[in-house]
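Feature annotations, courtesy of TrEMBL:
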type	residues	note
DOMAIN	147-268	domain '3-oxo-5-alpha-steroid 4-dehydrogenase C-terminal'
TRANSMEM	88-107	transmembrane segment
TRANSMEM	114-132	transmembrane segment
TRANSMEM	152-172	transmembrane segment
TRANSMEM	184-205	transmembrane segment
TRANSMEM	250-269	transmembrane segment
Amino acid sequence: MLVTVTSRSGKEVVKGGIQLSENATVKDLKASIHKRTRNLYPERQQLSLPLVFGQTRPTVLDGDKRLCDVFPEGSDHIVILKDLGPRYVGPLFIYPMFYFLPLYKFVGLPEKRVIYPVQTYATIYWCFYYFKHIMETFFVHKFNHATSPLSFVFRNCCYYWSFAVFIAYFVNHPYYTPVGETQMYIGFGLGIICQLANFYCHIILKNLRDPKGQGGYQIPRGFLFNYITCTNYTTEIYQGLGFNIATQTVAGYSFLVVAAYIMLDWAAFRCLKARATGRCRPWRKLLLATEGNESVRG
């Protein structure tokens, strides 16, 4: 079976396609793509079928399905590849540009500026945050249609890239006024603790998944999951709060509000999913202080 791998624009990602046996699975296809394009780890790939007439959402392929069962009879063996990594790469490079480069002169502001310690720490914190996300994309997260649908990935890209410019512009602004030293240390301290807790939450969630992708929906146990349903979202929000306590800009708090809204929406969805399993614990909190049920992030 010859499988053609294209991007959403129709450009062929792997020249000449990939030859696989009839019994090969989607996971085998991802592994073959990785061999041909080394930067595309299997965890970074999202494969779907081309849209057909009347279809509004693509069919994302499950890793354990055989390719012969995936393609409609008589159809071309074409899959669409979406790279899940770039959403975090942009902010990692955009933010430092405002710190290191004299970009403000292009909008009529002074080229020279006083760089406060909080601006230096904020740049380091920001880069660590997105580097962590990129590493988790490669080695921790498992993506599928339920955990990261294409519409969510596109929304994420616009969200992260635009807010990176918005926040970096104001935090590194020549007329920026820093907060007090105590407030700065409290903010960054809270943020670092929450980032580390968030990473541990993702490890717990990763370990819930069977190596072969089987096992179905499971409830996370241990650590903060014993007290808060969507602990991974909670720590994500609080690390953002820590950054904003330390830097204190309208742009940063706007970022936090939008992020919290999105994560509350996803937390509620996962709570409904958990309720359907009949394995809820009503005494747990949904995300921060709202009563809810169990959930798990993909």
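Using the three backbone atoms N, Cα and C, a Cβ is placed for every residue, glycine included.
Worth saying up front: this structure is predicted, and the values here are computed from it rather than measured.
Beyond the ends of the transmembrane segment (88-107), by six or more residues, the same chain brings 113, 115, 119-120, 123, 126-127, 130-131, 133-134, 137, 157, 160-161, 163-165, 167-169, 171-174 to within a C-beta distance below 8 angstroms of the stretch. Taken together, the residues in the domain '3-oxo-5-alpha-steroid 4-dehydrogenase C-terminal' (147-268) have a mean pLDDT of 85 on the 0 to 100 scale. Broken down by DSSP into helix, strand and coil, the domain '3-oxo-5-alpha-steroid 4-dehydrogenase C-terminal' (147-268) contains 90 helix, 1 strand, 31 coil.
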